[in-house]
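Participant: Quick paste from TrEMBL:
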REGION    B:1-48  region 'Disordered'
COMPBIAS  B:1-10  compositional bias 'Polar residues'
BINDING   B:Cys268, B:Cys271, B:Cys290, B:Cys293  Zn(2+) binding site
DOMAIN    B:268-289  domain 'C2H2-type'
ACT_SITE  B:Asp422  active site
Amino acid sequence: MMSPNTTQQPLTLTLGHLYPDQLNLYGDRGNILTLRRRCQLRGIELRVVGLGVGDALAPDEYDMLFIGGGQDKEQAPVADDLHEMKGIGLWAAIEDDMPVLAVCGGYQLLAHYYRPAEGPDMRGLGVFDAWTEHKGTKVPRCIGNVAISWNGQTLVGFENHGGRTYLGTAKPLGKVLKGNGNNAEDQTEGAIYRHAYGTYLHGSLLPKNPHFADHLIELALQRKYGDRAITENDLFNGNHTNKAAEIGATVLELQKTTVSPLLTPLEDSLEWEAHASMLERLGLYSEAATILRTHKS
Amino acid sequence: MRNEQPSQPLSPEIDQSPPDSTLEPAPLPAADEEMTRKPQPKRQQHTMRAGLAVMAGRTAGAISRRLHLGGGTSIVGVVAQRVYPDIIEHLATELEHGSLMVTGTNGKTTTSSFIAAILRDDGLRVWRNREGSNLVGGVASSLVIRAQPNGHLRRAGKAISILEVDEAALPKLVDAIPPRVIVFTNLFRDQLDRYGEVDSIVTKWKQAIAQLPDTTTLVLNADDPTIAQLGDSFAGRVLYYGIDDLSLKDDPAEQEAERHQVLDVRTCSNCGSDYEYSKRFYSHMGHYHCPNCGKQRPTPDVRVTHVQMDTFDRIRIQIESADEQREIVVPLPGLYNIYNALAATSVSRALGIGWEPIISGIEQSKPVFGRGERIQADGKTMRLLLAKNPTGFNEVLRTLFSDGISRHILFVLNDNIADGQDISWIWDVDFERVPGQTETLVISGTRALDLALRLKYAGVAEKNMSIIPTARLKAHRNTETPRQKRLKKKREIKEQLAEMPGSQERQYGIKIALDSALQQTPVGETLFVVPTYTGLLEVHRELEQRGFTPHYWEGRDA
């Protein structure tokens, strides 16, 4: 559990969960549970702090941020609070390369604005150079299973959004393989700015996409313990296997190329099987086969 | 309303020759459909048209059943409606005692079955739409299968219908059949991909209520803030029900679990401030008030003052209405079934029914299709507990795992259209209750892997779950590349690996899942099956084939 090297302190990360009471529509809890467990198995303590309406966001106190999706009724007061109470802190955090995951409604709130079918625009923070429009109730919602390519790998999830998001200069998170993505027109899905990721994928997103969860954890670790991580490359791969064994999980000794080099690989065959199963439902058979070949012993 | 009187005089001249247009065989062209939609044409024309619709619908139903396309319950109504769009309206007006409606996210079926038992004990002939066919088509079916080819209902005297109505189908149906009483049980998030957001259901319901005549009585759950507010602007009679027993335990584990729970309602419908709860039974059900504008839970007219659990599925409740108190033993497990009994009691009180049939009706009613249903199989007992949304699932888990007894469990998670294709909600369910509480655990369904993953993250070790998904991945069959296929040796290594813990060879299909779960359950013990809706149908079909349970369309209501 303890790092074998210079430090006597266990690694800790603090996750700021924005609006856990308002923006929790689509199993967002699964993302938090996944981050927590994947940290825990590696001997990293993940503290989760809820940030509700009225709470200020002090960027120094957190190592990563998560913001989920909500119903329209709940999203409006949250949009105001995001501007008034958390905007500056959030901007500072993002400019300082803090990893941020924003799903669905949270993603829309981090773009410039959300224009509903009727009524005034809901302003966003403008972290992503993108905007969202609702084309009215006659235009069908984007609902269904979805797969995208990200970083040469696949991400799977479920999307359910009425708004169509269009990217300005923002870089998309990935390219849609099956499903609608940002707007069902240009094959883009999500947006990236520095280490902030916006996406419509829930399902929950992280449990079935362990590589993406680890990517976020790794970014947070690098940001917090960056120098040490580089100079003492084995820091994060210390004797955490013991910790994992205590919890009852199997940690593979074998390093896998697709897994982040900084984090101990975990026994993820169930995760990948679920991932592959979703790819197959979407008709992506060769991608599914690749996943199983790469991730099954 | 239609109470106490045959609403329309039945036409004596059925043999009178009808106008030409209605002699055409079904389905009729669209022009005719337009014509018969117009208000106030002659009734016998309609009766002919209804007769055709009845025959067409029933033929379609018979064919569907013969071809095993399902229970054939919905298709009857769908076809009949194609032939005669106003068939529901036409037939429903012939019921001597009118119609009751039951809607809400959870508890519709059990509540209606309690009401049905009560009304039967009161001497009425009860008609229901059965087995979840609660969309408009299913309601039409329930009437059509009881109609004659002459376009009239069979034995409409002393008849009352209890219609279980899908949340979203409500506005359409109240328009066709204004009910005498309508009960709203609760509102939780359910199938967001199908219904849209929870708020859009509230909007639909408000529309429906605005269409109601003020002779209708609304029966509302006072403990659910969204339901209670529906009475705010209604001109007719409103009856509230709720639980007043403040001694209901909140054991520490539950408080712990409650903290994770996602709430669908937290803000006041008047002013948008957060409600405060002085007592919370589960999810957003409880005693709430708004600290800002003072809006609070209405005082219930029918209330449970004391709850005592005798055994797993014998709950003794003291129920009070208009200063009269009675004891009722609810023969089903779980707090949610107390609400169902309470809803049924309130509806009966609204209809002016005495206590005797209420008590006997509830106490002697048998669990219905998948709602606590008990099936004996090879010396083992199976209990089917449908769980189709987070709140329902949470309540089932709480019921199963609150008394420290280890259970034998089969979970079936499907994502077919009727279940909702988005299964994100499993991450909002407190599966953290499960680890260490299962004797054996089998997981099946089209999304078995997702559920297994959820349980893994809840802390259930993989070796303690048997994962038996509905179908094998194609990729599993084809994982061997052509090169691997040539190299037999490599294959052998693969087989060895497959025997490693955690990656043992999977089995597939609901049949094997059920076999495995039953095999692992010792004789004399109970296997709890917790399926989503289509999972329940599959389990039932499987049990039917083994002769353990009757075909579900051969119910006793017909």
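Placed from the backbone N, Cα and C atoms, the Cβ positions cover glycine too.
Automatic, uncurated: that is what TrEMBL annotation is.
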Participant: For the recorded positions B:Cys268, B:Cys271, B:Cys290, B:Cys293, B:Asp422, return the ones with C-beta distance to chain A below 8 angstroms, or 'none'.
Facilitator: B:Asp422
Participant: Determine the most Cβ-crowded residue among the binding-site residues B:Cys268, B:Cys293, using a 10 Å radius around each Cβ and all protein chains in the structure.
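Facilitator: Output for this query is B:Cys268.
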Participant: Across the domain 'C2H2-type' (B:268-289), what is the average pLDDT of the model, as a whole number?
Facilitator: 88
Participant: Starting from the Cβ centroid of B:Cys268, B:Cys271, B:Cys290, B:Cys293, which together make up the recorded Zn(2+) site, report each further residue of the same chain whose Cβ lies within 8 Å of that point, ordered by sequence.
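Facilitator: The answer, listed by sequence position, is B:Ser269, B:Asn270, B:Gly272, B:Ser273, B:Tyr275, B:Pro291, B:Asn292, B:Gly294, B:Lys295.
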Participant: Rounded to the nearest Å, what's the C-alpha distance separating B:Cys293 (Zn(2+) binding site) and B:Asp422 (active site)? Just drop the number here, would you?
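Facilitator: Just about 37 Å between their Cα atoms.
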Participant: Taking helix as H, G and I and strand as E and B in DSSP, count the residues of the domain 'C2H2-type' (B:268-289) in helix, strand and coil.
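Facilitator: Result for the domain 'C2H2-type' (B:268-289), in helix, strand, coil order: 0 helix, 13 strand, 9 coil.
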Participant: For the recorded positions listed here, B:Cys271, B:Cys290, B:Asp422, which shows the highest count of neighbouring CB atoms within 10 A?
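Facilitator: Highest number of other Cβ atoms within 10 Å: B:Asp422.
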Participant: Would you mind reading off the Cα separation of B:Cys290 (Zn(2+) binding site) from the residue listed as 'active site', to the nearest angstrom?
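Facilitator: So the Cα of the residue listed as 'active site' lies 33 Å away from that of B:Cys290 (Zn(2+) binding site).
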Participant: Does DSSP put B:Cys290 (Zn(2+) binding site) in a helix, in a strand, or in coil?
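Facilitator: B:Cys290 (Zn(2+) binding site) sits in coil per DSSP, no helix or strand.
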